Structure formats: structure tokens, C-alpha cells
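In what follows, a single structure is set out as C-alpha cells and then discussed.
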Amino acid sequence: MSFLMQLQDVEAAGRLAPFSAAFRAGEMVHLVGPNGAGKSTLLTRMAGLSDGPGTVHFNGRLLDEWPARELARRRGYLSQHQTPPFAMPVWHYLALHMQQQGDSARLSDIAARLGLDNKLGRPVNQLSGGEWQRVRLAAVILQIDPLSNSAGQLLLLDEPMNSLDVAQQAALDRLLHELSAAGIAVVMSSHDLNHTLRHAGQSWLLCQGEAIACGETAEVLNEENLTAAYAIPFQRVEVAGHIMLIRVTVARSYLVTILINKLNYCDKETRDRGII
């Protein structure tokens, strides 16, 4: 399968050193790294909303050559911050993002899955921060949703989990995995390394505008790479059959080992008793 997007020596003065990577349709890619690493800068360039040295090819065509309207049919982009517009009802705001604006059933479905079914009549400028974030997510998903837009291919999300509680994050994860399974490539920035370890097939680890590592998530998020990026020690541990990343100090390392052994013992006892 050919690449959906290829980045070659993309850079931004003072923010991003020459960066090259690629991904295919249906892949889930996470951009991780400390604040100021260049994640938002890279996503903005991938969305076609900034320019600079280097090239970005989307579907084998230079990103700069795509007409704005045609590009908007194929890729959705969620910025990190956006001020709500004037007093527009939520349903109207969502409908404006759909290619088939008469598909009210799909609009209602996505809204309900993000816990917005009782907010559709409320003006967007009267929402809480978490509600507005979910409305923005629903809008950008509807923009490229393959059930209502056969041209949709790419979803770019800058810290989409901001202001979401645990249940809302899980609901978003389910939607993103469904989109990925339907062939939509999902590229998002994240600060939750364990979330990335569970959900991303590919990860790009950045630090101060430099790429530390890019590739399969399990290989990129190793202790050496993470320590280099964050300047603090990390340890990969297994808890109840799951690999987790934790920040540790030498003084805490022994206590962590005891805790992990205890958790694994409790999990084994539970399984042996047939409780789970």
C-alpha cells in the first residue's frame, strides 16, 4: 500500500528541525514529546495551514497544490484552541461541517456517542470548556466521516483529549478506532504516554523541534528514548498483563518493583479463583 502522506525535510525556523516521515491510510499515529517539542507546528503544516522549507505530499500530490475546498473534503483538522463563534446552535454548527448536510441521523449518532445529544439546541457560546471540545471533535469527525463523505481520508487532532473526562476519552477512542478501521488515517498529539502505548500503531517522539525516534510505538517509547526526550528516567513495567510507562527515581525504583510484583500477584490470584 502506498503512503497517504509523506513529509520530506519539513521545518520551521526556531521550532522544527528538518523532519521526514510517512504514514498510510488507516494508520493511527501519535505525536508525543514535551511542551514546545514542535507537535502543533508539525500538525499545522500537515493540515496545509502553514508553509516553509521541505515538502508534504498528500495522495501523491504536493499539499500546496490542493484547492482549499477539495482538501477540506479529504482531511479534517482540530486545532488546540478555538473560540466559539456567535450564538449558533450546536446542531447547526455540526451540520455546517458535513458534506451531506441532510444526514441528520449520522449527526445525531456522533453527537450522542460524545454525550452531546442533549446539547444540540444550545448555543455554542454557552457551552463549558469540555462541552465545546466535544462539539469541535464531533464537527471534525463528521467532516471526514466515511459514512457521509466518501472522500474523507485524514484526521489531524491537536491534543484532542483536553478537557475530556475518562468516559469521554474512552468514547472518543472508540470512534477513532472505527475511523481507522474504515481507512481514515488518524494523526494526533498526546501527552499521555500510556494512552499512546495502548492505542497508537506508530509514534513520532519529538523534543525541542528534533525527532528523537519515529516508527512502531513499542520501539519508539522505550526507556532510553523517553529519558532523552523528557530528561527524567522512565521504566517500562508489566501490570496485570499490560505494559505501562512510569517515571521513577533511583530511590523509588525498589518500591516500584515491590508494588508491581504485588499487583501481578493479586491479578494472578484473581484469575486462579475464576473471578475474571
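Every residue gets a Cβ built from N, Cα and C, even glycine.
The structure displayed is predicted, hence computed values, not measured ones.
The ATP binding site feature in TrEMBL is assigned to Gly33, Pro34, Asn35, Gly36, Ala37, Gly38, Lys39, Ser40. Residue environment of Gly38 (ATP binding site) contains 25 other Cβ atoms, counted within 10 Å of its Cβ in all protein chains.
Feature annotation from TrEMBL assigns domain 'ABC transporter' to 5-233.
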In three-state terms from DSSP, label Lys39 (ATP binding site) for me.
helix
State the count of C-beta atoms found within 10 angstroms of the C-beta of Gly33 (ATP binding site), not counting that atom itself.
25
Which residues in the same chain, at least 6 apart in sequence, have a Cβ under 8 Å from the Cβ of Ala37 (ATP binding site)?
Leu206, Cys207, Gln208, Gly209, Ala229
